[in-house]
Amino acid sequence: MVMENPFEGKEIWFGVGSQDLYGEEALRQVAIHSAEMVDYLNNTGKIPAKIVLKPTLKSSDGVKEFMVEASANPNVIGVITWCHTFSPAKMWIRGLEVLTKPLLQLATQHHKEIPWETIDMDFMNLNQAAHGDREFGYIVSRLGIKRKVVVGHYTDPEVAEKLGTWARACAGWDASNNMKVMRWGDNMRNVAVTEGDKTEAERVFGASINTWAVNELVAAYDAVKDDQVKEIIEDYKAKYDVDPALLDAKYDSLFIAAKEEAAMVNMMRANGCTAGVDNFEDLGALPQLPGVGPQRFPSEYGWGFSAEGDWKTAVLVRIGAVMGYGLEGGASLMEDYSYNFTEGDELDMGSHMLEVSPSIGTIAKPKLEIHPLGIGGKADPVRLVFSGKPAKDAVVVSMSDVRERFRLLMDVVDVVEPQGSLKELPCARAVWEPKPSLKTAVECWITAGGSHHTCMTTSVGREAWEDFARIAGVELAVIDENTTARQFEKELELSEMYHRLNNQH
């Protein structure tokens, strides 16, 4: 059970701008330099998708053809542009206006240092990126096209890191636009923040969110073969510290939990879904509220999952899982539960009754246990119990439906070890230090209308989510080490004004 590589077969096209004015020899040098640069970037190991160099762009027709092909190719997740020489920006207009893939402008050059003693006009004519990129940047800004700008010599490690982070955001956007979310049941009764406009979500994020009757899941449960259940149980035994009682007197409960996982996975795969959500108020004839199965959605399958009908967080977890593929850490549903208000040691503890995923990293081998659950009205559910592994500069991200648009809200946090054993707490959890402080972070979070459900990512941090929000054209409010409550409130007011004016459809 291994998550499919979301970067397999995916490409980022590299378009280099120039013009015929400079002659064949100059254009030959442009092509040689561009190939050297792309080869170097591909060999850094920091960019998870392959960068593919396309023929030098020298005309309006060539640019449009390039952009149309990139937009139509399902394997292309993004486009990088760079102008080696001066490239008149009017020739980019028609192409840029038909581009539907994420755009990154790389402001770089082939040479690292100015050749002080030998530089002449031939060199100047060939190496004009410093003003070629400004010309290109002007037209992109004039057209109102959002893009990421990365500046630096192509051999600078920071350049490859930023390109790699952006490539991950592109993959997250690709996953979002190909996502189907399976809802078993509806939203938890009377809860506000987990509601949302599913039609608007498909317009904005490309994700198709639909409901399947819980009775269909029950039918899938009844159809599961014992061999599939036993295979899943063997996987449990290999990866977790299984309570001996579950292999003896409570084996039937373990079998049921594994069978529920198999049923959910079978339904998801049969319908091409990559995120799911259930609701403890709507379980039909299921024997248990699913626990260990949903916990494994992000870690084993790379899927999103959330609880209580909260499809918005399930979408975020899937996006986070894709963006973080191949990195240490992962993505999981998280819910704020309790504060530690000790002066100088302020902490937030997040958890959920069953569904927090070990994908975020665990301090010790997760324990597979069975405990009573006071809600849902079903048999005692089997769940993984662990504490999240410490991680610097992790993030918690929420999505709220604020009437005419969606708002993403993010807090940068440091996950830390719990200060006690938590031996009486029969569920998975994580403890973190919010930035800039617990009081400021919570005040800002509440002011922005952030959800109590979040997606925690320990694999990718702030920049990946900022890149994703820019690509999606969605508001993102950020709480970090530099945030003050007064400044945040003012920025939020300006952001609300901008997004309300900019989201008139």
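Cβ atoms here come from the backbone N, Cα and C positions, even for glycine.
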Residue in His352, His371 which Swiss-Prot records at the Mn(2+) site where Glu308, Glu335, His453 also bind: His352
Secondary-structure category, per DSSP, in which Glu308 (Mn(2+) binding site) falls: coil
Env. residues of Mn(2+) site, Cβ within 8 Å of mean position of Glu308, Glu335, His352, His453 Cβ: Ser306, Ala307, Asp310, Thr313, Leu333, Met334, Glu355, His452
DSSP state at His352 (Mn(2+) binding site), helix/strand/coil: coil
Packing count at Glu308 (Mn(2+) binding site) (other Cβ atoms within 10 Å of its Cβ): 23
Cβ neighbour count (within 10 Å, all chains shown) around His352 (Mn(2+) binding site): 22
